[in-house]
Amino acid sequence: MLGKFNSFLVQDCKVKTGQKILVAISGGADSLALLHMLTKMDVEVFAAHCNFNLRGEESDADESFVQTFCAAHHVKLFLKSFDTKGYSKQKGISIEMAARDLRYAWFQELVLNEKLDWIATGHHKDDSIETFFLNLVRGTGVKGLTGIKAVTNNIIRPLLDFSRSELETYCEDNQLKYRTDSSNLESIYNRNKIRNEILPLFRSINPSFGDTMLNNMSRLSQVSDFLSDSIEDIKRDYVVEQDDTVLISLSHVNEFKNQQLVLFELLHPYGFNGTVVSEVVEAIKQNVSGKQFYSSEYRLIKDRQNLIILPYKKDDSDAVYYISSDEVFTETPINLKIEKDINAKDFKIDKSLNIAQFDQDLLEYPLSIRRWKQGDDFRPLGMKNFKKLSDYFIDAKFSIQQKEEAWLLLSGNDIIWIIGSRTDDRYKITPKTKLVTKFIWEQ
């Protein structure tokens with residue numbers, strides 16, 4: 001068993017002689033077996049134990065047990081106590097997620113402070129199979145069906161070649177008494193339901209179920225790698241990233257043979273699940289523009305020509321920013337350079353959309369900058385009648401994103417410039433104009 005372990009440690013986990021490994025030890029059979037086996041290898045071993053204070057005296061007994069075990073095996077031990085329930089409530093996440101976040105943040109802190117090479121966890125073959133079914137139930141892409149990886153950054157899992165029963169046998173053969181977490185025997189959490197109720201049923205049908213699943217996940221891993229390469233090719237050719245905005249061309253999306261699959265792989269990294277992706281596909285088929293979809297951190301807009309992915313931003317729809325008469329540059333909310341007292345006689349009008357020029361005597365200070373609102377109107381340059389901004393945006397073929405991000409420059413209550421687009425005819429330069437004020441939008 002040690003030979004098999006050493007082979008996996010070196011070949012799959014890429015551990016080298018003399019490296020320093022921090023073992024996450026709970027007191028259970030898997031982590032004790034891992035620590036014990038590593039002490040037989042040519043590496044330097046350390047241990048870290050988390051007391052999550054979730055099981056009262058049982059948690060404290062685990063800590064005492066680990067202290068005794070590490071002392072007996074001459075392994076340096078780091079201990080940490082956490083208010084897991086408090087952290088869970090503060091962050092609005094589950095107890096399990098809170099415990100995971102706390103432990104790995106502390107482990108990485110130890111790696112830095114103690115100059116360690118690896119963090120080793122006791123995940124084994126059964127954990128990998130449980131993860132497969134857990135992801136299957138939750139809904140996932142192909143990658144979520146490939147099990148647990150041997151290496152993730154500086155975290156290694158050297159026991160993935162062993163089952164839980166093999167590790168328990170190893171502990172018994174080496175007289176290693178281990179702790180049993182009582183909650184693991186209770187079907188409270190989803191993972192435990194899979195472990196204690198579903199997997200035994202499969203094993204009763206196929207005694208070699210564990211090995212069969214590993215082979216299945218290995219093949220799925222190859223499929224996942226192939227799919228990832230294909231998706232990267234698609235992203236390179238059809239996906240455009242502009243600052244914090246992602247654009248996926250709809251003309252190319254319609255060319256995809258497996259539209260649902262490709263879109264899932266493109267959108268899933270932004271938190272969009274299978275149900276939402278199906279709704280996006282339906283919106284594309286029905287050619288519905290303007291429909292929006294949400295994940296926990298991102299928003300997707302189905303526009304005329306693109307799928308637009310944007311992160312959530314602070315709502316500034318009601319914000320108003322003022323420009324005093326003595327300002328020559330403003331950075332809030334956008335960069336505007338202001339040139340005043342320009343003689344109108346020699347002035348040549350600049351037709352750039354990022355530049356606006358007005359009859360200075362008509363401006364009423366302080367000027368203001370704000371977002372557009374329903375009901376807003378102005379008199380577009382060259383027109384005699386007023387036009388609602390909502391209609392102007394349609395005629396100018398503004399996308400939903402462009403409308404949301406449009407800023408207006410106002411004099412009093414008059415909209416005098418849709419910044420980056422059109423000025424108001426009432427404030428234009430005429431033969432009677434004496435002085436000109438010029439605004440330059442510096443993007």
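Backbone N, Cα and C define each Cβ position, glycine as well.
Per TrEMBL, ATP binding site is recorded for S26, G27, G28, A29, D30, S31. Annotation source TrEMBL lists domain 'Lysidine-tRNA(Ile) synthetase C-terminal' at 367-441.
When the binding-site residues S26, S31 are compared by the number of other C-beta atoms lying within 10 angstroms of their own C-beta, S26 comes out lowest. Excluding S26, G27, G28, A29, D30, S31 themselves, the residues of that chain whose CB lies within 8 A of the CB mean position for the ATP site are, in sequence, I25, L32, A33, G122, Y178, R179. DSSP assigns S26 (ATP binding site) to coil in the three-state reduction, placing it in neither a helix nor a strand. Here the domain 'Lysidine-tRNA(Ile) synthetase C-terminal' (367-441) is broken down by DSSP into helix, strand and coil counts: 16 helix, 29 strand, 30 coil.
Non-local contacts of D30 (ATP binding site) by the CB criterion (under 8 A, 6+ apart in sequence, same chain) comprise G122, H123, H124, L159, R164, L167. Within 10 Å of the Cβ of G27 (ATP binding site) there are 21 other Cβ atoms, across all protein chains.
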